[in-house]
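Here's a structure for you.
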Amino acid sequence: MSLKENLSEEQQLQQRIFTAIDNFDSFIIQAGAGAGKTYTLIESIKYILHYKIDELDKHNQKIMCITYTNVAANEIRQRLGETQYVQVSTIHEMLWQQIKMYRRSELTVLHLKKLKQELENIESEIKTQTDCVNLSTLKTKENLELFSTFIEEKKEEFFTLDRNKIKADKFRNQMMQSDLVERIPEFEEKIIKSVDTFKKFFKLVSRQISFKKAIDKLESKNNDKKIQIDYDSLSNSDRLPAMKFSHDTLLEYSLALAEKYKLFQKKLIDQYPYIFIDEYQDTHESVIKLMAGLQQYSKGQRWLVGYFGDSQQNIYDSGIGNQILNIYQNIPDNGLGQVKLQEIVKPFNRRSEQQIIELINKIRNDKLHQKSLDPDKTNGEVNFYYLDTEGYSRDTSTDNLIIKQFIEKFAQCLGDNEKIDCLLLLNRYVASMSGFEQIYSAIQKANFILWDEINTKLFARELDKLHPAVLRLYQLVTAYNNCINPHKTLYDLFGDTQSEVTFAVALKLAQLFRCKHPNNLHEFIQHIDNVLNDLCVDQNNVVLSEQEAVRFWLKKNFGFNFQNLFNRNKNKTQNIGFKDYMYGLVYEEMYGKIEKFNPDVELTDEQADEEINRRHQDIEEILNIDLNIWQQWVAFINNEHNKEQTVTYHTYHGTKGEEYDNVAIIMEHNFGKNNKNKFKNYFASLSLEPEQTYKEEETRKLENSRNLFYTACSRARKKLWILYLDDIKDIEDNLKKLFTSIKPFKYQG
Ligand SMILES: Nc1ncnc2c1ncn2[C@@H]1O[C@H](COP(=O)(O)OP(=O)(O)OP(=O)(O)O)[C@@H](O)[C@H]1O
């Protein structure tokens with residue numbers, strides 16, 4: 001078909017969407033990579049703005065557009081231009097905005113329920129642990145109560161000693177200094193015999209206490225001041241007893257609110273008659289259920305939801321992928337009627353040259369066979385190379401050299417100003433090629449992220465996917481970057497201070513925070529600690545506005561309230577400074593509020609000391625990495641590149657939604673040691689007869705590999721070069737089903 005005919009067909013499809021919008025028919029747009037989903041989404045919004053604006057205006061309504069990341073939200077805002085009739089936000093932003101008005105009412109009910117569930121888990125763990133010989137005397141209610149009183153008495157001291165890496169025997173002596181010890185049977189002989197076991201148990205019971213207190217607080221009838229539950233968007237883990245929750249719990253609470261309170265649904269429907277969800281495939285199941293619930297409830301009213309996405313680009317396990325229609329089918333009728341979606345398939349590809357489209361069609365191998373919008377776009381190139389491994393064996397440094405040589409070869413086939421975007425499978429290579437291998441090694445050594453989660457928790461460009469401790473490090477580097485960047489506004493530094501902070505004070509503090517280039521994060525933290533300490537010492541002269549400014553700075557950069565800072569001198573032992581607080585936080589975020597208890601292994605004092613020392617050394621090592629290296633990592637996370645850069649390295653996941661002219665993909669059999677043969681198995685599965693089926697788990701893994709491969713290959717506009725680093729003998733026949741040209745790549749060692 002000619003370009004003209006294709007354009008006309010595309011126009012008709014767009015028209016079907018407009019008709020669905022006119023009729024308030026909820027729909028789902030299914031389209032492969034580069035089909036122009038985002039473009040269609042924007043066209044749909046523009047259509048409403050053009051034809052329905054009076055209606056929106058009359059009812060004081062808005063269009064809601066939900067994106068998967070902040071980057072995507074900004075992109076859409078930019079492409080739409082300023083308009084008060086559209087709210088573009090991530091699902092978390094949108095939900096919090098909607099539910100925060102319930103933070104003193106209905107949310108406290110949900111929070112209370114969650115605290116109680118969690119308390120049950122803690123109590124069952126306490127039970128299991130008191131089964132072990134050393135703690136068995138704490139099995140009785142009375143002894144456990146005595147132990148809890150002991151904890152209340154020694155808590156501050158315990159955590160100060162723990163933080164300060166006090167050796168086991170000294171620690172034991174300090175803990176023994178309490179009248180309560182006499183009253184708790186076998187305290188000396190058994191309970192504190194292993195300091196390691198004791199510490200874990202202490203933390204567990206102290207967690208139980210804090211949960212109980214939080215529950216009491218919420219249940220207490222004579223609260224003058226209503227307790228408030230808050231979403232903490234800057235932290236990647238819940239802090240339930242502190243009445244704070246993070247991203248996943250936000251989804252959970254929102255769905256529960258919607259299911260329980262019809263008013264909540266009604267408000268959403270009234271406020272946003274059009275809700276669009278971009279990249280539906282990576283959306284959490286609870287969001288789809290929430291939308292389906294709204295759709296059901298709104299029957300007969302002016303309301304619709306429109307999903308845009310591609311199930312084969314689902315690359316995160318938390319996303320619903322191709323399950324959306326099943327979820328819809330399983331929504332009970334509730335006497336309100338079955339919810340349905342009109343399915344509109346967009347079969348075009350606007351991004352890539354014909355050669356690339358052919359390849360990605362073969363990879364997806366489903367009904368969504370794409371055709372190029374412009375049949376004359378045939379100047380693309382796909383090359384598959386396998387490494388000719390004869391004569392040497394692979395290791396990280398050789399692989400790095402091989403990748404560089406491959407990129408050079410690719411570059412020789414390109415024009416002078418052309419760039420290459422290289423997608424690397426292995427995290428170590430992404431780190432070394434992008435200049436932050438030291439961070440990768442140190443984090444791996446500290447061993448607080450599971451092997452197969454490192455790709456997301458250290459390399460994700462969506463901040464809410466980073467490991468909580470890694471996010472904390474990101475915040476520290478960003479706080480430093482903001483301090484030294486003269487182009488940052490006072491809002492960037494202090495957030496919305498609602499004019500409680502004067503311009504002069506904000507400037508003074510900004511200057512104090514801006515230190516001489518520190519060598520590492522450790523020095524930066526020390527510097528901030530010094531500044532805050534000086535302000536504390538000088539507190540008689542510190543105007544209230546300065547205290548406020550510090551408070552806003554800490555809140556904006558790290559999301560925490562540090563109210564006690566200026567009261568410290570009054571009661572020094574009770575409160576800690578910024579440095580200790582930050583170290584404590586990082587330690588806790590790395591190793592958990594309670595280190596995992598294993599009753600089979602009881603560490604001796606020496607082993608426990610060694611273990612604690614090791615952990616502290618690992619943290620020291622991380623904080624002592626050169627700050628320039630940290631800045632390179634932050635630039636990677638923020639996807640910032642300098643203009644001269646001719647090659648940019650990415651993880652496969654990090655390129656979601658992006659497009660580049662020339663793409664190099666480096667592959668191999670494995671994806672980390674827990675995903676042995678991930679890609680080998682995928683390629684091997686291509687010769688599977690249709691009647692052969694795998695177990696569900698196996699199918700899920702294969703689909704994930706295919707989706708990752710599909711998403712990677714479909715980023716290319718013009719040229720795609722793939723290098724396979726492992727031996728392809730066993731999968732060669734299947735590779736030939738996808739690639740017309742398979743050539744050896746000879747490394748010049
Ligand atoms: N109607 C259109 N007119 C002009 N350019 C378009 C149109 N639709 C899409 N494009 C362009 O085609 C390319 C692919 O579009 P887009 O990024 O919206 O695709 P997508 O379906 O969201 O892709 P992916 O699923 O891979 O993220 C972009 O460069 C976009 O600007």
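Placement of Cβ uses the backbone N, Cα and C atoms for every residue, glycine included.
The feature ATP binding site is assigned by TrEMBL to ALA31, GLY32, ALA33, GLY34, ALA35, GLY36, LYS37, THR38. Sequence annotations record features per position, and here TrEMBL assigns coiled coil to 105-132. Annotation source TrEMBL lists domain 'UvrD-like helicase ATP-binding' at 10-353.
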Out of GLY32, GLY36, which has the highest number of nearby Cβ atoms, where nearby means within 10 Å of its Cβ, if these are the binding-site residues?
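Result of the Cβ crowding comparison: GLY32.
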Identify, in sequence order, the residues in the chain of LYS37 (ATP binding site) that are 6 or more apart from it along the sequence and have a CB within less than 8 Å of its CB; answer 'none' if there are none.
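The answer is ILE29, ALA31, ASP278, PHE308, GLY309, ASP310, LYS346.
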Out of these binding-site residues, ALA31, ALA33, ALA35, which one has the fewest other C-beta atoms within 10 Å of its own C-beta?
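Across ALA31, ALA33, ALA35, these binding-site residues, the one with fewest Cβ atoms within 10 Å is ALA31.
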For LYS37 (ATP binding site), which DSSP three-state class applies?
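Where LYS37 (ATP binding site) sits, the three-state DSSP reduction gives helix.
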Checking the binding-site residues GLY32, ALA33, GLY34, ALA35, GLY36, LYS37: which ones have Cβ within under 6 Å of ligand 1?
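Correct list: ALA33, GLY34, ALA35, GLY36, LYS37.
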Around the Cβ of GLY34 (ATP binding site), how many other Cβ atoms lie within 10 Å? Please give the count over every shown protein chain.
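Around the Cβ of GLY34 (ATP binding site), 23 other Cβ atoms lie within 10 Å.
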In terms of DSSP three-state secondary structure, what is the assignment for ALA31 (ATP binding site)?
strand
Along the coiled coil (105-132), what average pLDDT does this model show?
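PLDDT averaged over the stretch: 93.
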CB neighbours of THR38 (ATP binding site) within 10 A?
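That number is 17.
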